[in-house]
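Undergrad: Before I ask anything, here is the structure I am working with.
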Amino acid sequence: MTEKALPYDALLLCSFGGPNAAEDVIPFLRNVTTGKGIPEERLAEVGQHYHRFGGRSPINEQNLALVTALQEELARREISLPVVWGNRNWHPYTVDTLRDASAFGAGRILTLVTSAYASYSGSRQYREHLAAAVTELGDRAPEIDILRPFFNDPGFVAANLAAIEEAGATLEGGIAGAHIVYVTHSIPDTMQDASAVTGPGYREQHEDVRATLNAALAERHGEQFASSLAYCSRSGNPATPWLEPDVNDHIEALAAAGVTKIVISPIGFISDHMEVAFDLDVEALETAAEHGVAAVRAGTVGTRPEFVGGLVDMIVERAARERGEATAPVTAGELGAFPDVAPPGSCRMRHGEVTGHPVLAGPHD
Ligand SMILES: CC1=C(CCC(=O)O)c2cc3nc(cc4[nH]c(cc5[nH]c(cc1n2)c(C)c5CCC(=O)O)c(CCC(=O)O)c4C)C(CCC(=O)O)=C3C
Ligand SMILES: [Fe+2]
């Protein structure tokens, strides 16, 4: 075993969490939405999405599969670093996982949040959550660092490319002539604006990935692919502006413009959780079928070896930097590596208000 992960004693995979059974659905949704002004009707509707799958989100087993894949890749490279898992909104909660890790002697932990892109929801909210866990644990709290956003990690991009090609190959005539619809989670315009204050914003991060993937597809298939970025899963007050176009409206518009085949690439999500399993596989594919568009949904990066290998590269690189060694982060696209520590003032707004909660890895800004 090598010391390549020092100074870290463990890796925490920190995710959203999801219900495991029908009776978990309402308490889970309460955890997610407390204080967020989401209308009752929207909650009832989202509850139905979960009940359609027996009240069980696939997200927990997908995170466990990622934990296993990371453990296997670390072991293959003979890197000694235990991997543990904790969530923001459902068991196992981060605070409980950190308490255990601390009891087993972990003094310094590197955290991988399961969101590839930086915004309030994907970055600052996790940092607030980790700060609250540290406060709760008091002097038993380990020291916690967070891995930078990985949207432009070459492994993440390569895994998405492979998934698009696999899906495209199943269309009649293959991927040739397909329009690639890249999809991510919609966020309020105010959250988008706040994500762009200290660096490239949420939308711009996705546009960078789209450009990289489209260039790679053109090079590999000798053809320029038409493409676009669309959004799913909007919630909140319908009067509040969120990023558009909605993927369903967009597919309808593409059909009206004469597009007959599409590949839907969910670059905003790392596994086939509820947003993918319902909002894309049920709703968006239904919309495409209604409008006579041949559509296929590309896989998420999941536990693809390119993705998992890229994450382990990032972990090793961060550990080396913390040991004071010189490193040269490798990224795809034009935006470069995001800083290890989120800049003060980044991603402050949720829905037009500054939350003012303490955050980890930065001043209370
Ligand atoms: C950017 C983003 C990601 C991607 C980054 C990341 O992966 O973190 C993401 C992921 C996820 N979102 C998830 C679930 C939910 N998100 C909700 C609500 C919201 N999401 C938002 C944004 C995001 N969400 C926002 C701005 C809201 C409005 C309320 C608020 O300001 O926070 C609601 C409430 C009901 C509703 O309104 O839909 C639910 C149930 C699950 C679990 C799925 C499963 O169980 O399989 C996952 C992975
Ligand atoms: Fe969400």
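Using N, Cα and C of the backbone, Cβ positions are placed for all residues, glycine too.
Quantities reported herein were computed from a predicted structural model and do not represent experimental measurements.
Marked as Fe-coproporphyrin III binding site by TrEMBL: Ser57, Tyr126. The Fe(2+) binding site annotation in TrEMBL covers His185, Glu275.
If you look at the structure here, what lies around each of the features I listed?
TA: Secondary structure at Ser57 (Fe-coproporphyrin III binding site), taken from DSSP and collapsed to helix, strand or coil, is coil.
All protein chains shown were included, and the count of other CB atoms within 10 Å of the CB of Glu275 (Fe(2+) binding site) stands at 22.
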Undergrad: Just to verify a number: CA distance, Ser57 (Fe-coproporphyrin III binding site) to His185 (Fe(2+) binding site), in angstrom, no decimals.
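TA: With the alpha carbons as reference points, the distance is 17 Å.
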Undergrad: Around Tyr126 (Fe-coproporphyrin III binding site), which residues of its chain at least 6 apart sit with Cβ under 8 Å of its Cβ?
TA: Cys14, Arg88, Thr111, Val113, Ser115, Ile146
Undergrad: Ten-angstrom check, please: count other Cβ atoms within 10 Å of the Cβ of Ser57 (Fe-coproporphyrin III binding site), all chains counted.
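TA: Around the Cβ of Ser57 (Fe-coproporphyrin III binding site), 25 other Cβ atoms lie within 10 Å.
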